[in-house]
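Taken from TrEMBL as is:
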- Ser26, Gly27, Gly28, Pro29, Asp30, Ser31: ATP binding site (BINDING)
- 383-455: domain 'Lysidine-tRNA(Ile) synthetase C-terminal' (DOMAIN)
Amino acid sequence: MLEKIKAYIQRYKILNKGDKVVVACSGGPDSLALLYALSELRSYYQIELAVAHVNHMFRQESKEEALFVGEVARRLGTGYYQTEVNVPEYIRQTGLSAEEAARIVRYRFLYQVAEEWQANKIAVGHHRDDQAETVLLHLLRGSGGKGLGAMKRVSGMLIRPLLAVSRQEIEAYCRLLNLQPCEDQSNQNLNFLRNRVRLELIPHLEERYNPALRSSLCRTAEIVGDEHDFILQCAQTAFLSIGEEQPEKVCLKHNELAKCHISIQREIFRLAIEKKQGHLKGISFLHVENLIEMAMKGSVGSTLPLPGGLIAQKGYSSIELAFGRECESKPNAALPEFMLNIPGSTVVPQLGITVIAELSGDSVGAPVPGKAVFDWSELQEPLVIRTRREGDRFNPLGIKGSKKLKDFFIDSKIPRCQRDHIPLICDRHGIIWAAGYRQSERGKVTAKTSRFLQLTLRKQEDYSD
């Protein structure tokens with residue numbers, strides 16, 4: 001198996017000399033095999049490894065598993081980072097599924113470790129069987145080329161060296177090394193759709209229709225994924241002549257757009273949306289098809305509201321994407337307060353953000369749009385994250401006296417449809433940071449500050465792969 005992984009890594013240039021790799025390890029067969037395989041290849045590639053483990057607090061065995069992974073890391077001579085997160089409580093607060101909540105928590109921690117350790121890669125233990133399951137799940141839910149391409153060998157910092165091998169090969173490798181991986185009984189729970197696909201649907205299809213189904217699905221994912229990458233490259237090139245980014249909007253020349261193949265048109269619109277609002281959260285296939293329909297057949301002046309407050313409008317020569325002053329969609333319901341973990345990270349799925357809080361006795365530099373720095377002694381706990389409410393007032397940094405939050409938004413030229421989505425960080429006495437825009441005068445750092453609180457705003461999609 002090791003030679004197979006090594007050949008796969010070399011073929012697709014997954015590792016390079018001098019890489020610093022965070023290895024996600026739950027203690028199960030897949031992640032344990034990944035850790036040992038990379039450890040055996042460590043000297044060949046001259047890479048450094050650190051192990052990251054999350055105790056999700058789902059089961060009584062979780063603490064023992066954390067100790068087990070820590071001991072493995074010590075034996076292999078790698079760094080070890082671990083955290084404990086009450087995911088059942090997080091599920092209760094957010095309403096997310098157990099799978100989604102655990103995934104968000106896990107990836108959030110992996111990226112934190114990578115930043116702290118200054119790693120350039122994060123290795124996860126997805127293998128060929130996982131890939132086959134993912135393709136089937138995406139087929140069941142309905143998906144385009146990106147979804148059917150399933151999991152990438154390399155996706156940003158994430159690498160998946162085990163996509164070349166099967167679960168059976170991994171289990172044989174564990175036996176060969178006399179490893180004793182932890183077994184998660186929840187993997188047998190048929191309440192989870194992925195488990196039903198793995199334990200019921202795939203065996204049925206293999207028995208009745210195609211004994212080599214997993215290989216076929218993985219081959220399909222590889223072909224479709226590579227073809228989607230090519231289409232995306234073509235769309236990015238076409239966008240240079242068709243699209244124009246302006247401070248308030250993104251424009252697409254619809255006459256030039258009409259000359260493109262439909263597959264390129266779809267990706268150009270997705271690129272335009274992503275450039276304008278930074279993500280594709282909530283954007284479905286139907287939204288993109290409606291945009292194409294408007295561009296090709298809509299009358300001048302016609303508009304189309306999109307999730308997140310984005311408005312598409314057809315002009316004489318172009319389609320314009322901007323955050324409109326008036327939004328046909330209903331404003332968000334008031335967000336419940338989320339207690340800020342200090343120090344630590346707090347995820348707010350409804351806003352697609354994570355806020356990271358760090359305490360320090362040393363100055364952490366001047367605030368920038370995605371960060372704010374406070375005098376910890378001037379704030380009153382608890383600190384919470386919420387969205388705007390009727391009657392909110394705010395004292396922006398550098399301004400004497402408070403003003404209505406609504407007036408601050410207007411003065412800052414923040415479109416009306418964005419205002420319900422802006423995270424507000426508050427202490428006991430009110431708003432201290434309109435996150436991403438301005439922090440408050442109260443709590444500002446002075447020459448007398450001895451204890452600093454740094455808050456960093458991150459978009460959740462950074463952890464979602």
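Cβ from N, Cα, C; glycine included.
All TrEMBL annotations are machine predictions without curation.
Locations of recorded TrEMBL features on the structure.
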{"residue": "Ser26", "record": "ATP binding site", "Cβ contacts under 8 Å, 6 or more apart": "His53, Val54, Glu65, Val69, Cys182, Asp184"}
{"residue": "Gly27", "record": "ATP binding site", "Cβ contacts under 8 Å, 6 or more apart": "His53, Glu65, Ala66, Phe68, Val69, Val72, Pro181, Cys182"}
{"residue": "Gly28", "record": "ATP binding site", "Cβ contacts under 8 Å, 6 or more apart": "Gly125, Pro181, Cys182, Glu183, Asp184"}
{"residue": "Pro29", "record": "ATP binding site", "Cβ contacts under 8 Å, 6 or more apart": "Arg167, Ile170, Glu171, Cys174, Leu179, Pro181"}
{"residue": "Asp30", "record": "ATP binding site", "Cβ contacts under 8 Å, 6 or more apart": "Gly125, His126, His127, Asp130, Leu162, Arg167, Ile170"}
{"residue": "Ser31", "record": "ATP binding site", "Cβ contacts under 8 Å, 6 or more apart": "Val23, Ala24, Cys25, Val124, Gly125"}
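Each residue in the domain 'Lysidine-tRNA(Ile) synthetase C-terminal' (383-455) gets a DSSP state, and the totals come to 11 helix, 24 strand, 38 coil. Taking the mean position of the Cβ atoms of Ser26, Gly27, Gly28, Pro29, Asp30, Ser31 as the ATP site, the remaining same-chain residues with a Cβ inside 8 Å of that point are Cys25, Leu32, Ala33, Leu34, Gly125, Pro181, Cys182, Asp184. Looking just at the domain 'Lysidine-tRNA(Ile) synthetase C-terminal' (383-455), the mean pLDDT is 88. In three-state terms derived from DSSP, Gly27 (ATP binding site) belongs to neither a helical nor a strand segment and is classed as coil.
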